[in-house]
Each structure stands twice: as structure tokens, then as C-alpha cells.
Amino acid sequence: MAAMAAALRGLGGRFRWRTPAVAGGVRGAAQGAVAGQWDYDLLVIGGGSGGLACAKEAAQLGRKVAVVDYVEPSPRGTRWGLGGTCVNVGCIPKKLMHQAALLGGLIRDAPHYGWEVAQPVPHDWRKMAEAVQNHVKSLNWGHRVQLHDRKVKYFNVKAGFVDEHTVRGVAKGGKEILLSADHIVIATGGRPRYPAHIEGALEYGITSDDIFWLKESPGKTLVVGASYVALECAGFLTGIGLDTTVMMRSIPLRGFDQQMSSLVTEHMASHGTRFLRGCTPSQVRRLPDGQLQVTWEDHTTGKEGTGTFNTVLWAVGRVPDTRSLNLEKAGVDTSPSTQKILVDSREATSVPHIYAIGDVVEGRPELTPTAVMAGRLLAQRLFGGSSDLMDYDKVPTTVFTPLEYGCVGLSEEEAVARHGQERVEVYHAHYKPLEFTVPGRDASQCYVKMVCLREPPQLVLGLHFLGPNAGEVTQGFALGIKCGASYVQVMQTVGIHPTCSEEVVKLRISKRSGLDPTVTGC
Amino acid sequence: MAAMAAALRGLGGRFRWRTPAVAGGVRGAAQGAVAGQWDYDLLVIGGGSGGLACAKEAAQLGRKVAVVDYVEPSPRGTRWGLGGTCVNVGCIPKKLMHQAALLGGLIRDAPHYGWEVAQPVPHDWRKMAEAVQNHVKSLNWGHRVQLHDRKVKYFNVKAGFVDEHTVRGVAKGGKEILLSADHIVIATGGRPRYPAHIEGALEYGITSDDIFWLKESPGKTLVVGASYVALECAGFLTGIGLDTTVMMRSIPLRGFDQQMSSLVTEHMASHGTRFLRGCTPSQVRRLPDGQLQVTWEDHTTGKEGTGTFNTVLWAVGRVPDTRSLNLEKAGVDTSPSTQKILVDSREATSVPHIYAIGDVVEGRPELTPTAVMAGRLLAQRLFGGSSDLMDYDKVPTTVFTPLEYGCVGLSEEEAVARHGQERVEVYHAHYKPLEFTVPGRDASQCYVKMVCLREPPQLVLGLHFLGPNAGEVTQGFALGIKCGASYVQVMQTVGIHPTCSEEVVKLRISKRSGLDPTVTGCG
């Protein structure tokens, strides 16, 4: 029967040997247990954003579902609960600490708005961290409750494939369990990369797996890397008053629009973050007083530099969490260069009933909402009779640096590379948020640009927004761009006054015109 | 020749007797002065958002343009500079004082985020008001500079029509000037309405024309009205720590979605604004100690109530500034009931070469961006060879109450009225902004709903968002809805995490389903 099912599946991939789930979210264990061949209809490995979304959706569609999740402690010993990177060591604690940093600036604004706050106001890391950690713990618990409510079985075990339908789970105490499933989804995500070749890196450094869980302030910090993780961490550390340095080998925010990226780091530099550009660390060692002495090569001058820090944070990329999965036992192919799992547009791996979603997959954006949507759509295709594929095009995102950078669609470079300089029109503006005026904040880096095809009606290819609340601003435009918005339609959209987002619908100056893009007046 | 032009204009309204402006923004005064018949190609009456946008655009297209502007002091004697309501007594000072109020809440949040701010922090009205007023004055100056740079002639005179091409301007000292123009645009906007029938209203009350220019704190304030002006003012006054009461006769935010409006006032009430509902004031009098005693009728109980306040602010609507224009001399028709000017889709009044834009026009949204766009498009049609009309449909807006309310498109009531209950599907969610968690803020009123047609692909008819930064959130969705977004397309849009705006693209619960719309977790 399994052979027949496989054969049917081959005929277009839509025809399932399971009858569709009954309506109303009733558990379909009986249906699912056709022939009682497997323990579960769906086994999800990894309880992060994508895995949980997929599991919950499948359960809602009446299937028998299990999630296995296990957090290997970081080299520093940091561990956390259910929910994956986003909840524990990513988006959530990051955004909360970003908010803490923003509040620092707003407190400095406050006297200009009439609030009699005695300056300067000191910041207490312990208090912030405890509040953030408590919130994360409440989310861990919330995820447990959600799985329970939807009758998804949860196992806190480390999983490895035994064969293509069976996974062995090993609990903390060493106890083992065998779980079999008709469909298996791998959603184990990734972990920060340690530059193991650098002496002292692993021994003395921390990563984003640790920073949000520190009980004590990291103090004077060196952040190594130029990723958004590096810049976001350096941004909030600076914002809460810590002496913070970013060391980067080459360009910031590779893959993002480079003009915007430069403005992001320019803003950070003008607000106190130090930058060591063109430098790579060569050694970290602990001094007798407990401080860390970092030695680096400055590739511009060819000289060696040294500095002492309380904390060294590596933000030099992430590696997929595939090593302990024994993927070879199941025959799941990975990329030889990245170790990420290879999938097709249906998220299927080289083994047709094994899927992978989220950060563990080759070529996917490493973002919570894409993993969530991919997981949900996958469950709907598997158990809900849907044929909707995840569309990874025009995915918006926002970098939560002190001045936030939101974008969707193509960077200017990419648009030019694809369409040619002559076929691309870029509209742009330097604007001043109204709220910046009263406290006299510098708005030099508040900038928006829209990348369009030049030919009327000038299809919008990409939008790039640097300014306060960039995430809130960008989301709606992502819908517009998804709907095929043209520059003409953007110009027909009435602004909301006074906001920063209205600057997008007021973009009248093209780069090609050479005119001053500074917004004046209302 | 004028007759011929009028005749040609009648044939579709696109054919102009002036040659198109030369490219590149070169002044076309010579062209414009065909026959030297009029002083100006375009005369704009009113230097507010719409008028200035129209004047600047026309000048950019090479025409000879003049703007006349004059601010009649408020009954309290408040006066201000160039730029109109938005800049001086509207959006700009309002948003800045709103920001001041928001900062009050953020300062209370700050200790939870580790900032050791001694609480409570007192607020100094004088300092805030001075900063806000200085910013407004800088904008006044900016507008003057911009007109000068674009060679738009500016007259600080009070204008009234002499005939259909001529306007008399009277300066402060009484000096008069006659200005004639081929095209005239009326953009005089409106002013707050005083309830003149209420004893003491005019004598002791102030309006939004005054509140932003007060040097001293208004103190304990009664805001009368249920308009967005009333709620915004009451919101920021409460937020900076003043004892504030809103008195409303009937429903808040008439014309807006009523479920959202209720949540707005519910949030305000839970954050300290007092509400006297179903009440109308009958008298204001000054007590010997200088306080104002207000007497009102409570229509629910039928009883009379009284209270004392330092300030009474009327926010009971606005009247168009048309009375002193002598519109009858030019033959411009107004609505008998509202006194607003009647125009067609090209913004033309009953006199073909006289136009009106902005708040002074009957049936238009009273919003700066619509006036700006209407003014610019009008100039482009008049002098730029364009035929693009202003589209007043699906105009987004945001009410800057303490919890901001942004919306675009139809309210739920209106959608049901137009399409019928059975053909409308409403998706909704109660969500909690991530930033609210750490300080333990109550998010009971953070709510979003999307009103769609029920039939696939479920065209989006309206979006309503109540929460922080609603203006920033709503703008982009206004583009999407303008592009004809469907619910299916909204669901295909990937969220930006963690934001409040992502709640819109995660709306999966319909009202019809009866399921709990409370968002849990990140999924």
C-alpha cells in the first residue's frame, strides 16, 4: 500500500493516500493511523517558528502530530526553552533590547517636550535582562500550552534519523525513544558560527545565543561581524550606554542595498558605536584582571592592533543545525558547502516524504515569518488538499538597528544588474521625522528610496526605508508591491500626515534628475 | 478671445488657450501674460496646505502666480503665520503635543526596561509649548522662503472678490490692493465653530485655534465635542498630566467605524480621560477665583450638572472660511446648509475659471494630504497639460489619540450598508504589541480589522488599525488597497517580525466564525 501511495504521489504530487481531514479541526488519529503503519502522520523535528507553525496547522487539520525539540547548550552553557531562535535568542529579545535602547534616546528627547527628567539617566542591565528573560519564558510556556491545546505531542529529545520514516530521540538523561511518521519535517534552524580557527574565540567569546541571557552587563563589548545580527546587537548595546565596537572585514549588511547599509552604519557611528573596518581578529586572550585582550590585523594599514574588552561577541554568520540529525540514514541531501538541506519548491528534500523549512534550508531567507508561512502552507498541502506553494519573492524585512532599515524587493544594485541602469528609475528623499524637530535630532540618515522600472507605469521593484518604525512602515508597502504596485499608483496614494511613511508616497525626485532630494516643508 | 477659450474649454475641458508651459520650470510670465489681460495666471486665496501646493506647482510649470493669505485672529486673539491650519493650529502642533504625551507613557515604561528614572516626572507646559511654537514659526518662515524661491508673489492681505477675475486685498493697516488673474483658486479652509447660542461660550471658551499657542498650561480642561479634534486634544492633555474631561452629546468620531471609535474612547477612559456622555453644555461663567463654571444638561438622567474648569475648549466642528470672500460678486455657489463651496470633479466652482480645494469645499475630506494632492493636480491640469483628476476614494487617515487609529476605505457599517451583511467578511484580531509586554501595559484596545467582500478572492474594502504608530502602519496598506488588494493577497504577504503591522497580514479569524480573535504566540 505504501508503494501504491508513492506511485500515486508520483502522478502529480497532489493525490494523497489519506482521505482529507474532517472539517472543524477534529483529531483524525483514526484516519491517520491507516494500517497503523506509523506512530504519527507528521513528525516535526525542531520546535522553532516554522516547525511549530507546521505542527499546529497539521493538528488543526485533524492529523496526529509530534514535535521533537532539544536545545543543545551554547559553548558558554546558555540554554532555553521551546520556541526556537526567534523567541529565545533572536527577534523577541532583540526587539525588546532595541526598545530599551530607543527609550534611552526618547528619555533624552523628553526634556525638550517639557518632561523634567534629570539627565543623564543610568541603565541597569540586570533589570532589563530579567524582564526580557521573563517575557521569553512566558512565551516558552505559551508554546507548550498551544501544542497541548492542539493535541500535538511534544518530546524534549535530541533527534537523529534511524531510517527514512523513523527518528530516534535522546532525552537529557540519555533515555531513548523511537518515533515513526508518515511525513517528517526538518525545521532545526541554525546556530551562530564560531570562528574556531581564531585562538581563544571559542574559549572566551560569546554569541547571540548568550547575549540576551547574560545576568550581568556585558560591559565594553567588541562585536565581530557585519551581519544584521552584529549591527543590531552593537546598536542596542551602544544605546543602553555601553562602549561598543564593531569589527568588520569588509562591507556591512551584505546582500542588502549598499547605499542603505552605509547609511545604517553611518548613523550608528554618529551615535557612538565605534567601527574597526577592514580588520580581522587573530587572537583573544584573557588578561589577569579578567578582561579580554583582542589582537587583530588591520588589512588597510597592514598593521596589528590590540584592544581590551569585557565581552567579545561573534556575529560572523550561522550554521545549519544538521550535523546530529544523521541525515544520511534517511538519505536527505545537503549542500556540500553550507550543510544546509536541499529542497524543491514544495519544500520536499531528496526523500519525497521528508521536508525541510526555515533556516536549515539552502537558499531561503532566514526569517521567522517565512518559516511560519512555509510551515503552514506545507501542512495545508500535506493534509488540507491545498496546492499553494510558498512564494519566497518580495519578502519584506527590517533590520532593527538604532535607525531601523526596512526593505522589500530588489536592492538598487540588484535591480540594475537584472534590468540595466537605463531601465531603472530610483526615486529618493532625505526627510526629517516631525518628532526629530523639537529635540533637534540629526536626521541626516533618514532616507527613503524606491527602485522602479523606468518604463511607464514604472513597476515598483524595491522599497528601502531608513527611519523610525521602519518595520511598521514597510509592511503595508510589501502588500502593495505584492499586488504589483507601480510608481503611478504610489503617487495616487494619499499620504497620512504627519507621518514618516507618507514620505514614500511623496517621492518625486529621481536620482537621474540630479535634483536635491531633501524634503522641505509639508 | 476669452469667449473662444471658454467655448473650447467647454469641449471637454482639456483644451487650453494658453500654450503648454515650457519644460524645466522656467518662468513663463511672458507666455502667461497673453494680451496682458490679468496680473496673474493664477491667484490662490489662502496660504494653507492646498493653496500653497497649487501655487508652487503652477509656478514650477512656469506660470505667474500670487498667493494671498490673511489670518483673522481667533476670538481669544491668537494669530499665526503662513501655512494654514495644518502647520499652525492643526496636524503639526497636534502631533508634537501627542508625541509629548506619548513620551510621558514611555518614561513610565523606562524603568521596566532598565532605565533608572525617578517617578513621577513632572511636565512643564511652557517648555513644550515654546518648543512647538518655535517649530511652527520655522515652518512659517520655510513657506515664505519656498514661495520666494519659486517666484510666487505673496500678499498678506484679506481677500474678497470684486468680480469674477478680480480680488480686493486689504492689508492689516487698511491698505488695499486689487489683483486680477485668469484662474483663481479658493483655498481658505475653515475655522473652529463656536456654539454661539451657549451663554459664555464665545467669551470664556477657546478652540483648537488657541490651545497650541497657550503660553501657560490650560490646567483642568473641559473639551466639548466628539470629533477627532476633541479626542486628540483631550488625549494629549491627559497624557501630559492634566485633568481632562470630554463632554459629548452622542457618538464619538461620527463617520468613522463605530466599533473602532468605541475602542478609542474606551482606551482614553482607561488612561484617565473623563467622559461626560449624553451631555450638552448650557452655560459657561467665570467664578470670582477665575475658574470657569460650566453647567450642562445630562440627557440620560434629565438632570443638570455643573463643574469647574480652568479651560473650556470647543471642538464642535468647523465652519468654512467663506463669509468675507464676497463670493456672490464672482458668482461662486455655496451650499446653503454648510456654506461650503460647491465644485465638480475638476475642482471647478460654478464659475468655470474659479476653483476651490481643501476644507472650504463641500464633501471633501478635511485632510492636508488630499488638499495638497488636489492642489497639485489642479495646477497640472491648468498649466501642465494633464488630465488627471483627484481621486477622493480610499483616502487613508489616522486619528492621533493616545492609542492611534488608522483607517482606509470603508467602515464595517458602510460596507454592510453598501454590500449587505451576507456579502461582507470581516477579519479581526486583538493583539499585544511586543513593547507592551515588558512594562505590563494593557493592550485590551489594540485591535485590527479588515473589511472584505465575502466572495473570493475577497477584495479588501477597508482596513482599521488601532495601536501604536497607526499612521505608519496604515500608509502602506493604503497603497495595497489602492492597487485592489484581496484578502488572498494580504495572506500571501509575508510579515515583518516583530511588528504590530504584521498583525494585518496574519488576520485569519473572521467575525462570522465566532472564534476568539485574540492573538497568541508568534505563529
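Cβ from N, Cα, C; glycine included.
Under the heading active site, proton acceptor, TrEMBL lists B:His497. Residues annotated as FAD binding site in TrEMBL: B:Lys95, B:Asp359. Annotated NAD(+) binding site per TrEMBL: B:Gly225, B:Ala226, B:Ser227, B:Tyr228, B:Val229, B:Ala230, B:Leu231, B:Glu232, B:Gly317, in sequence order. The annotation domain 'FAD/NAD(P)-binding' is assigned in TrEMBL to B:40-375. Among the features that TrEMBL reports, domain 'Pyridine nucleotide-disulphide oxidoreductase dimerisation' is placed at B:395-506.
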Between B:His497 (active site, proton acceptor) and B:Lys95 (FAD binding site): CA-CA distance (Å): 27
Length of the line joining the Cα atoms of B:Val229 (NAD(+) binding site) and B:His497 (active site, proton acceptor), in Å: 33
Cα-to-Cα gap, B:Leu231 (NAD(+) binding site) vs B:His497 (active site, proton acceptor), nearest whole Å: 31
Any further residue of that chain within 8 Å (Cβ to the Cβ centroid of B:Gly225, B:Ala226, B:Ser227, B:Tyr228, B:Val229, B:Ala230, B:Leu231, B:Glu232, B:Gly317) of the recorded NAD(+) site: B:Val223, B:Cys233, B:Pro252, B:Leu253, B:Ala315
The residue listed as 'active site, proton acceptor' versus binding-site residues B:Ser227, B:Gly317, B:Asp359 - nearest by Cα: B:Ser227
Secondary structure tally of the domain 'Pyridine nucleotide-disulphide oxidoreductase dimerisation' (B:395-506) (DSSP, helix then strand then coil): 38 helix, 33 strand, 41 coil
Least buried by Cβ count (within 10 Å) of the recorded positions B:Gly225, B:Ser227, B:Asp359, B:His497: B:Ser227
B:Asp359 (FAD binding site) and B:Gly317 (NAD(+) binding site), Cα-Cα, nearest whole angstrom: 12
Among B:Val229, B:Leu231 [binding-site residues], residue with fewest other Cβ within 10 Å: B:Val229
Among B:Gly225, B:Ala226, B:Ser227, B:Tyr228, B:Val229, B:Ala230, B:Leu231, B:Glu232, B:Gly317, the record's NAD(+) binders - longest CA distance, Å: 14
Filtered B:Lys95, B:Ser227, B:Val229, B:Gly317, B:Asp359, B:His497 - recorded positions with C-beta under 8 A from chain A: B:Lys95, B:His497
Assigned conformation of B:Val229 (NAD(+) binding site) - DSSP reduced to three states: helix
Where B:Gly317 (NAD(+) binding site) falls in three-state DSSP terms: coil
Cα-to-Cα gap, B:Gly225 (NAD(+) binding site) vs B:Asp359 (FAD binding site), nearest whole Å: 19
